[in-house]
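The next block holds one structure in the form of structure tokens; read it before the comments.
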Amino acid sequence: MPTMDDILEHIGEFNFFQKQTFLFLALLSAAFTPIYVGIVFLAFTPDHRCRSPGVPELSRRCGWSLVEELNYTVPGPGPEGQAFPRQCRRYEVDWNQSALGCVDPLAGLAANSSLLPLGPCRYGWVYDTPGSSIVTEFNLVCTNSWMLDLFQSAVNVGFFIGSVGIGYIADRFGRKLCLLITILINASSGVLMAISPNYTWMLIFRLIQGLVSKAGWLIGYILITEFVGLSYRRTVGILYQVAFTVGLLVLAGVAYVLPHWRWLQFTVTLPNFCFLLYYWCVPESPRWLISQNKDAKAMKIIKHIAKKNGKSLPTSLQSLGSDEEVGEKLNPSFLDLVRTPQIRKHTLILMYNWFTSSVLYQGLIMYMGLAGSNIYLDFLYSALVEFPAAFIILVTIDRVGRRHPWAASNMVAGAACLASVFIPEDLRWLRVTVVCLGRMGITMAYEMVCLVNAELYPTCIRNLGVLVCSSMCDIGGIITPFLVYRLTSIWHELPLVVFAVVGLVAGGLVLLLPETKGKTLPETIEEAENMQRPRKNKEKMIYLQVKKLDTPPN
């Protein structure tokens, strides 16, 4: 029975149909950006201070400038290592009393303002920002700052649960159905979050977005890699992730134009409803249909692809009769990921590499702590780093394969973290350069793990395998903030040491995986188990077949 890759060689591996479908799904990839990193703008925490009734009136009566008002009415910085009183504490003073003068109004109450009692911000806060965020609207600062951590953790918890659950559904009931359901739920919950009346409802709808959004992004990735031929698979895989990077740049621009979080959330969510039109634009994966013995439906879609590409399907390839290998496994199971030795090894190594990529990618961003005060430019610059990483992958991946560039990128990231530990603080430029090199390395590793993950699993469990393994990056996303901030309090360089060890180990483990360069996607579990075996026999067999075909008839 011909494989899907055999058929694509005749009807077009990356012609009009595949290019059109890639464009549609690339838009879906870019739209995932606001959910994954949108907290940078949705939850921006500006400089703030306690609201003190009577201070605005006194300031107007005395004609103070903003600097004078802060100097006279707001506590100064506290002891090193403690919270700033100017943000979370206020003078216990009645600012409405007429006895207060305009020149050092606290002088008559105490010889030194530091002797005055301080109290909590019982009247709320004043935020120095022209816009708004969920922090300013719901006062997620000081004693309530943990609620902001919970907001971000809810998204990652949703990513984790959704990746596993929806991954199973996509392999059981089809990619297209699952994609459309996730798009609808994601768009609806995003709009509901924008009109949430309080923090609790906002948290619930953000959790729902997490449950479906990442799973939808990964289903789109699986679909496009199953539609294209072998020689284009790695290119569309990388470019699909580059579309996410383009989404980062667009998000920075939109957030700059719309500094109010509710309008920003509306604007980045509404385009998702347009993706429901994919019901008529994106067909089901023929590979999945074949794996489910739905040959008639698969052939109908294959003929549609051939027509779109302006190709004709040879009669010899129009038969997709049931095959023992295809019928071997129709229903995906979590046990399939660990039941056989090679797939079990693949699963464990891939899970660790997803975890490593998330920890180093997010951890290095947190550790670097971009120095500038303009979050829009800082975000833009950090996004631009990802383009060279994608370019390097596209240039090298077909020349040297997947495994060695992937291992090298992990090791470069780990070595850069380790080297930066020994660079003195006065060589700031060198330290930043080395850390940026590590950021580029882990960005490459992040893109490679997504590409290779889909290539190591057979069709019947491919979506499940990708989503289960990638769920480990959500675990990494949950613990990374605690890892960075807790270890930094012990020793400032300790997070870099941990990143170095984790990255170097990940690079070594990658070398234990089989090379997938030039190999067709495995259709069955048996084919996936045999990927590690030498290809000499197979190559010899193909060569003999070619020689036999080249022999002129008698």
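Glycine residues also receive a Cβ, built from the backbone N, Cα and C atoms like all the rest.
Per TrEMBL, the features are:
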TRANSMEM  21-44  transmembrane segment
DOMAIN    105-518  domain 'Major facilitator superfamily (MFS) profile'
TRANSMEM  150-170  transmembrane segment
TRANSMEM  177-195  transmembrane segment
TRANSMEM  201-224  transmembrane segment
TRANSMEM  236-257  transmembrane segment
TRANSMEM  263-282  transmembrane segment
TRANSMEM  349-369  transmembrane segment
TRANSMEM  375-394  transmembrane segment
TRANSMEM  464-484  transmembrane segment
TRANSMEM  496-513  transmembrane segment
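Looking at the domain 'Major facilitator superfamily (MFS) profile' (105-518) alone, the prediction's average pLDDT is 83. If you look at the transmembrane segment (21-44) against the transmembrane segment (375-394), you find at least three C-beta pairs under 8 angstroms, all six or more positions apart, and that counts as contact. Remark: the transmembrane segment (263-282) makes no contact with the transmembrane segment (349-369), by the rule of 3 or more CB pairs under 8 A. Per-stretch counts of Cβ pairs under 8 Å to the transmembrane segment (236-257) identify 375-394 as the leading one among 150-170, 201-224, 375-394, 464-484.
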